[in-house]
Amino acid sequence: MPGGAAPPVGVDTLRVEAPVTMKAYLMCVFAAFGGIFFGYDSGYIAGVMGMDFFIKTMEGPGALVLPAWKKSLITSILSAGTFFGSLAAGDLADWIGRKFTVILGCMVFIVGVVLQTASASLGLIVAGRLIAGFGVGFVSAIIILYMSEIAPRKVRGAIVSGYQFCICIGLLLASCVNYATQDRDDSASYRVPIGLQMAWALILAGGLALLPESPRFFVRKGQLDKARVTLARLRDQPLDSEYIRDELAEIIANHEYETSIAPVGGYWSAWMVCFQGSIFNSSSNLRRTVLGTSLQMMQQWTGCNFVFYFGTTFFQQLGTISNPFLISLITTLVNVCSTPISFWSMERVGRRPLLIWGALGMVICQYIVAIIGTVKPDDDNCVKAMIAFICIYIFFFATTWGPGAWVVIGEVFPLPMRAKGVALSTASNWLWNCIIAVITPYMVDSDKGNLGAKVFWIWGSLCCCCFLYAFLLVPETKGLTLEQVDQMLNETTPRTSARWVPHSTYAGGEKAEKSVQHHEEKVTPSGSDGESQV
């Protein structure tokens, strides 16, 4: 049916979700806390690798810096663990549920942190970061999936952006703790920043244990009674509410439609569903998988983690900055203060325009930094200007690509493959995170490539690719339910997606009458307390 067609009689395309209540909003928002220990874990390592006591512990008395290969190994090994953890999370989320996969990830993460805290040698800290990486992989892949599935459509972009904001808070906390312990002349200088991570994991696991599971997970498992109960709890509505009935019918109908055109079989066939269809069909599973994985690759190509992973040591190498830890703290503060803008802009401006113009803004800032670093790298005033444009570049990232990439991957996959699609996308993020963490010290360190600030020529050029990518391939998904996103991708191209409006529901029309009637027989209220049964 074309985008402008009239909806079938009796179908209200707007009333497929209950109004947002404060209770429902707060329940969804808490899940964003997962970003804190993700961000903290990414941020603390830059400062620790620049601490005198840590350098001497790893290299021996008299050492001034860690060699490039050790910085590369220590930083990248976490990303290697998260890559495999993200892939495993896709299976776990479909098996034991979204929230329990995140809780399990927190427990694995704590084991890794204990090993890192106890470390006094390279081997133990590398082993600890590898194990912690598996836990971060579980959490980073599935928390986005969980948030996207439980959040009301009108605030979904803002809530998932809150995850990126919590990542920024974690980065800021890491910078503050590093700044406070940098001058200590004992093992507490690095053990305190490392050990503090356990607190964030315990808070997230404890809080999630009290929250409901995703109703879409229960629909996928055929447990429709539990789906209705959890949906009513999430929307803060009574079990017999028409809003709950309509939304549940829509989720069920969409799931049945998707499984009818792409049946899921055994273990390997469940993964192969992610690669079905043509790359030239914007609604095919393959195209969505490529979109999710390449979008996360592009987010890493922006060079964001160069600043957050290697900012302290990079500013030390410039040679004109008296306190590199303070500059790293400032850049992280810019990241934190900028990200809340996306809470408003993600729903008001939209995902697609933010990614397009954000990439352009980053290109301009990075090329200016590269020009300054090439022409006058030793001039104090020029270095100050360079730091200012790095901060502006971080502003553009924090308000666009930082949250935007996470929002879009949580929205574009249909329910039968959503867990695995988000897992593949997150694994792509960590794969490129790992690649960049491995190669960056070899590009910028004085005893290797010695690019210094000239590395921003590379990041700026890659951001040009991000600009073209967003313009050509990213669809607009704001204001739609996850089921409506599915319809939109079937009927539009990325460049026409912003003009699409919902015109029908999966639970509407002829097919729908059968579907709703069929499921009303399966999901019926019983008893005076309004509980439901299958």
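Each residue, glycine too, has its Cβ placed from N, Cα and C.
Curation does not apply to TrEMBL; its annotations are automatic.
Taken from TrEMBL, the feature compositional bias 'Basic and acidic residues' covers 510-523. The feature compositional bias 'Polar residues' is assigned by TrEMBL to 525-534. According to TrEMBL, the feature domain 'Major facilitator superfamily (MFS) profile' maps to 27-478. According to TrEMBL, the region 'Disordered' annotation covers 508-534. Under the heading transmembrane segment, TrEMBL lists 24-46, 100-118, 124-146, 158-180, 192-211, 301-319, 325-343, 355-375, 387-409, 421-444, 456-474.
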Long-range neighbours of the transmembrane segment (24-46), counting only residues six or more past its ends (CB under 8 A): 18, 74-75, 78, 102, 109, 129, 132, 136, 139-140, 143, 146-147, 150-152, 155, 159-160, 162-175, 177-178, 193-194, 196-197, 200-201, 203-204, 207-208, 211-212, 233-236, 305, 308-313, 328, 332
Same-chain residues near the transmembrane segment (387-409), Cβ under 8 Å, at least 6 residues beyond its ends: 144, 156-157, 160-161, 163-165, 167-168, 291-292, 295-296, 298-299, 302, 304, 307, 315, 321, 327, 330-331, 334-336, 338-339, 341-342, 345-346, 351, 354-355, 357-359, 361-362, 365-366, 368-369, 372, 421-422, 425-426, 429, 466, 474, 477
Same-chain residues near the transmembrane segment (421-444), Cβ under 8 Å, at least 6 residues beyond its ends: 68-69, 71-72, 75-76, 79-80, 82-84, 86-87, 89-90, 93, 133, 137, 140-142, 144-145, 148, 274, 285, 288-289, 292-297, 299-301, 303, 305-306, 309-310, 314, 317, 405, 409-410, 412-413, 450-452, 455, 458
For the domain 'Major facilitator superfamily (MFS) profile' (27-478), mean pLDDT (0 to 100): 85
Selected stretch (most C-beta pairs under 8 A with the transmembrane segment (100-118)) from 158-180, 192-211, 325-343: 192-211
